[in-house]
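Since the structure comes first, as structure tokens, the remarks are kept for the end.
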Amino acid sequence: MSNVLELTIPASTANLGVGFDSIGMALDKFLHLSVKETSGTKWEYIFHDDASKQLPTDETNFIYHVAQQVASKYSVDLPNLCIEMRSDIPLARGLGSSASALVGAIYIANYFGDIQLSKHEVLQLATEIEGHPDNVAPTIYGGLIAGYYNDVSKETSVAHIDIPDVDVIVTIPTYELKTEASRRALPQKLTHSEAVKSSAISNTMICALAQHNYELAGKLMQQDGFHEPYRQHLIAEFDEVKTIAIQHNAYATVISGAGPTILIFSRKENSGELVRSLNSQVVSCHSELVDINISGVKERIVYQ
């Protein structure tokens, strides 16, 4: 029997307000993949959660598509594979489910195609496919990361930031919000003065995080001009959640990725009460505390 590739891939939250398409943080919600060769004539899928059961099992499957794309790039052929999947990352909720699947697909192609990619090369590939590093970088490395993708040179640069000493709360609506729909809400252009203002806010926010000044960082996270003003109307619960967070003296309330999940940076002494208040008052969502993931994707080979 063939060896089994086991992958544990974290979720991620992107933007942190003003860090649009650049800043991301890994979270302890996971996509679990167990992959082995099959004697069948096509790829097989075994889904262990209800959300994953909605995914296609033909060649339009995202993991299949990306894995074959990577294999083609390196001129290798992949065997037919059986993928067992279990995920507690909700789909189309702004928690990086597609980035987790993308990273998983690259690892699958790397192992079964014997490509021998370094982690740096995994990052470059993932960002080239995704178009920006805000989700894939923390998914690969863990922690809080700022990154930039040069679409001319096809080079990704990343910098790690200290893990914030805060409690993180995610408020997850029951409905999906596709990234494509959320991006359609954005303006095509910003004026020079608008771009300078948002860039200055983002720069200062990063420095505040690096200095562990969460009061200032949180204040600046909520002054975004790149995307939040254009997306908040798509999330009916945003204003109510932010009001409750303010009542509990939270540092910041922002959209997680493209939404609709709402991310809160909470003071540790207030986080439990805040989560309970959110769950009792905002009944159309589920709120929970989630740890910041520091390890990134984990790979394990089970020899059979």
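Using N, Cα and C of the backbone, Cβ positions are placed for all residues, glycine too.
What Swiss-Prot records for P90, L91, A92, R93, G94, L95, G96, S97, S98, A99, S100 is ATP binding site. Secondary structure at G94 (ATP binding site), taken from DSSP and collapsed to helix, strand or coil, is coil.
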P90, L91, A92, R93, G94, L95, G96, S97, S98, A99, S100 excluded, remaining Cβ within 8 Å of their centroid (ATP):
A11, I89, G257
Identify, in sequence order, the residues in the chain of A92 (ATP binding site) that are 6 or more apart from it along the sequence and have a CB within less than 8 Å of its CB; answer 'none' if there are none.
E176, L177, K178, T179
So of S98, S100, which of the binding-site residues has the fewest other Cβ atoms within 10 Å around its own Cβ?
S98
Between the binding-site residues P90, G94, G96, where is the Cβ count within 10 Å the lowest?
P90
